[in-house]
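Asks: The following block contains the structure, expressed as structure tokens.
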Amino acid sequence: MQQITVLGATGSIGGSTLDVIARHPGRYRAFALTAHSRLDELARLCWRFKPRYAVVASAQDADTLQQQLDGLDCEVLHGEQGLCRVASADEVDSVMAAIVGAAGLAPTLAAVRAGKKVLLANKEALVMSGALFMQAVQEHGATLLPIDSEHNAIFQCLPCNYHDGLPQTGVRRLLLTASGGPFRETALHELAGVTPAQACAHPNWSMGQKISVDSATMMNKGLELIEACWLFAARPAQVEVVVHPQSVIHSLVDYVDGSVLAQLGNPDMRTPIAHALAWPQRIDSGVQPLDLYQLARMDFFEPDPEKFVCLRLAREAAEQGGTAPAILNAANEVAVAGFLGGQTGFLQIAQIIERTLEQLASRAADSLEAILDADKQAREVAGQWLARMS
Ligand code: NAD
Ligand code: MG
């Protein structure tokens, strides 16, 4: 029986993870479930999955939840310490890192440092701390498996010795597919007036709000480019973005002999989640088999650089290295929260990020302190730009 900690259990990825776990009760057990808000939903999940621990944001929330769980053998912890404890506990085999944003960094790193099997959905953690994160994976013998559908697809298409280096294993390029989001066909001048509800209405995937806005700006693909560089030891120039509106090819690997391997499937996160949970075995995920006749066609386009400025900003940050990706990520979190909160427009998201990157110099990202410091400064500067652009 594998004991699983689900960080971010009340989210979109958390829900899909628990759906897969529930299909295999003899194989997986929820050890800990965590959430930042929606206590009632977490209480419902605790009664259903009966974890040993639950983790919430504050001591007050912990008291409230503990009362709701009266009669259940579940201890409620709180705060970052609680998250790190359930991510690194001896009893745990695998940790699903599905908190959104920089808040997931500390608990995800705690799981890595405890040598766990880490199922990484929280791309922002890796974007912020790439070199440090990958070094910790090595040092502590953690197993890092990508949940992001594109990276999971690439992982499935790479040879098992890809750690030797992409050129050494005959890989020419990684091709990241992107749906293009809800505004793929919207004219640039119309983007100024789009609402959060429109930005969150993703054509193919049902996801949390932050990643939905990231998909609409294509910052999601930019973060994924950086994520791919760290996961697969690729240079930014080796990663190409291809718009593929049907989201059926989840990504591709182009080899020097002209072979191109792709992973296909219906757009449902339970596939990469089941793949990573059971790896190297395979289990049922509940996802419908792909019907190629119903699909009938697949299209491919180059991303529009004028409409999707965030993609360029992310590629530049990837090339610059150091703390630039952490600055990019923090500014994006502030700008997206501002957009979702109605403080600023859609096009200002990229402007806030660009101004923040211009204003702050990238430094060496060789310690957690340096990374958290860059994150903090970038939030301050982006907050100032947000206020100016409101
Ligand atoms: P979501 O908003 O649906 O859920 C986020 C979860 O994190 C919730 O359980 C929430 O309570 C928790 N959380 C939020 N802020 C927190 C904080 N400050 N401290 C502790 N916990 C906090 O998000 P999601 O769509 O499930 O995405 C989660 C992560 O997975 C993101 O990093 C996202 O980029 C990545 N991801 C998601 C998808 C998808 O299909 N949803 C696909 C690929 C990658
Ligand atoms: Mg993705």
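Yeah, the Cβs are placed from backbone N, Cα and C, and that goes for glycine too.
A TrEMBL annotation is a machine prediction, not a hand-curated record.
Not my notes, these are from TrEMBL:
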DOMAIN    4-130  domain '1-deoxy-D-xylulose 5-phosphate reductoisomerase N-terminal'
BINDING   THR10, GLY11, SER12, ILE13, ASN122, GLU124, GLY208  NADPH binding site
BINDING   LYS123, SER149, GLU150, SER179, HIS202, SER215, ASN220, LYS221, GLU224  1-deoxy-D-xylulose 5-phosphate binding site
DOMAIN    144-232  domain '1-deoxy-D-xylulose 5-phosphate reductoisomerase C-terminal'
BINDING   ASP148, GLU150, GLU224  Mn(2+) binding site
DOMAIN    264-380  domain 'DXP reductoisomerase C-terminal'
Asks: Near ligand 1, which of the binding-site residues show up if the criterion is a Cβ under 6 Å from one of its atoms? Options: GLY11, GLU150, HIS202, GLU224.
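Replies: The qualifying binding-site residues are GLY11.
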Asks: If one looks at the chain holding HIS202 (1-deoxy-D-xylulose 5-phosphate binding site), which residues at least 6 apart in sequence have a CB under 8 angstroms from its CB?
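Replies: Counting only residues 6 or more apart in sequence, the Cβ neighbours of HIS202 (1-deoxy-D-xylulose 5-phosphate binding site) under 8 Å are SER179, GLY181, PRO182, SER212, SER215, ALA216.
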Asks: Hey, for the Mn(2+) site built from ASP148, GLU150, GLU224, who else sits with CB inside 8 A of the CB center?
Replies: LYS123, PRO146, SER149, HIS151, ASN152, LEU176, ASN220, LYS221, GLU227, ALA228, SER251
Asks: Does any of ASP148, GLU150, HIS202 have a Cβ within less than 6 Å of an atom of ligand 2? These are the binding-site residues; tell me which, or none.
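Replies: Only ASP148, GLU150 qualify.
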Asks: Going by DSSP assignments with H, G and I as helix and E and B as strand, what are the residue counts for the domain '1-deoxy-D-xylulose 5-phosphate reductoisomerase N-terminal' (4-130)?
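Replies: Tallied per class, the domain '1-deoxy-D-xylulose 5-phosphate reductoisomerase N-terminal' (4-130) gives 62 helix, 27 strand, 38 coil.
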Asks: Hey, what's the Cβ neighbour count for ILE13 (NADPH binding site) at 10 Å?
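Replies: Neighbour count, Cβ to Cβ under the 10 Å cut-off: 28.
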Asks: On the Cα atoms of THR10, GLY11, SER12, ILE13, ASN122, GLU124, GLY208, which are listed as binding NADPH, what is the maximum pairwise distance in Å?
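Replies: Value for the max Cα separation, rounded to a whole number: 18 Å.
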